[in-house]
Amino acid sequence: MAPSKPATTTIKPKPGAPAIPRPSSSVILLSPTNQVLLLKRVQTSSSFASAHVFPGGNLDPKHDGEIADPSQYHRDGLPYRMAAIRETFEETGILLAFDKAGNLLKADDEARREVHSGKKKFLGLVDELGGKVDLDGLIPFTRWVTPPNMKKRFTTQMYIYLMPLSVKGRIQERAVVPTHDGGLEHTELAFDAISNWLEKAKQGKVVLYPPQFYILSVLEPFFSRNKKNDVEEQRKEFLEFVKRVPTAEGGKETEMIAWEEKVMSPTVVGRKEDGRLIMGLDKPGPELEGTDGGRGGDGWRRIVVRFGKEGPSEVSVEVGGEGREKGKL
């Protein structure tokens with residue numbers, strides 16, 4: 001996306017305090033066959049360079065509106081949803097909006113460039129096309145707050161979007177085919193089975209940072225290529241899981257926090273014998289820790305990862321007590 005001022009000017013950092021996280025949105029986009037879209041960031045990207053990521057980016061008040069109430073800075077809301085849909089369009093060409101007949105809208109690359117550059121307002125484009133953005137189709141699924149020791153920090157609302165199963169006609173087929181942005185922010189993009197993305201990461205063929213690896217790992221059991229049920233049944237089972245509380249059966253307090261309310265700020269809690277870091281996911285970050293509302297993440301799962309010059313590698317997710325006795329806590 002084009003550079004923009006922060007989506008709110010009501011929160012300012014105190015001297016010596018951690019950087020204020022910038023609000024951003026990201027979309028886990030599932031195709032009509034339940035494959036997930038990932039983009040490879042350009043090598044010069046200021047964040048997640050050369051890594052495979054979900055579509056997304058910073059909120060832009062010009063397009064998305066401002067977060068007027070500081071208490072909503074770390075909560076799902078209209079500006080976050082608008083940014084999610086706009087960024088998906090800018091980065092992939094897929095427009096999560098429908099016309100009056102219920103068909104996905106399709107905009108040309110010129111319109112996409114005009115929105116990206118700020119020449120044209122995103123909602124203005126959707127209005128011109130006679131459509132309406134599908135805000136209700138976004139399913140909130142965790143928020144991630146960058147650890148306080150990092151210079152650049154984000155508070156990223158993750159959403160899952162299930163693309164329509166029935167895509168009829170040549171125009172509709174083109175509407176769900178992603179195209180890269182000409183190398184502005186990424187060099188390639190593709191839909192693939194979740195299990196394939198995870199396998200590629202384990203083989204070192206793609207770079208996945210902990211948030212992406214974690215989310216794909218949680219989704220994989222529902223959308224595995226080895227499951228015999230059809231895509232509609234897979235979605236039904238997943239939607240039941242998303243709404244279920246408790247979210248696990250380990251007796252952790254965080255299990256009473258719904259997926260749409262979970263906030264995760266990874267913290268190092270130990271180290272494996274092979275040197276990999278063990279990262280807890282139960283803390284929401286300094287901005288939210290100890291606040292009213294019981295914000296927290298996932299105490300049932302942890303990330304194990306090795307960080308190097310090329311980014312993260314050998315990433316895995318521990319579930320429950322699995323493998324924990326090997327960690328040096």
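A Cβ is built for glycine as well, from the same backbone N, Cα and C atoms used for every other residue.
Keep in mind that TrEMBL annotations are predicted by a computer and have not been checked by a curator.
The feature region 'Disordered' is assigned by TrEMBL to 1-22 (among others).
Taken from TrEMBL, the feature compositional bias 'Polar residues' applies to 1-11.
What TrEMBL lists as domain 'Nudix hydrolase' is 20-169.
Taken from TrEMBL, the feature region 'Disordered' applies to 279-299 (among others).
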Item to complete: Calculate the per-residue pLDDT averaged over the domain 'Nudix hydrolase' (20-169) and state the result as an integer.
Response: 91
Worksheet item: By DSSP, how many residues in the domain 'Nudix hydrolase' (20-169) are helix, how many strand, and how many coil?
Response: 41 helix, 44 strand, 65 coil
Discussion item. Could you give me three numbers for the region 'Disordered' (279-299), the DSSP helix, strand and coil residue counts?
Written reply: 0 helix, 5 strand, 16 coil
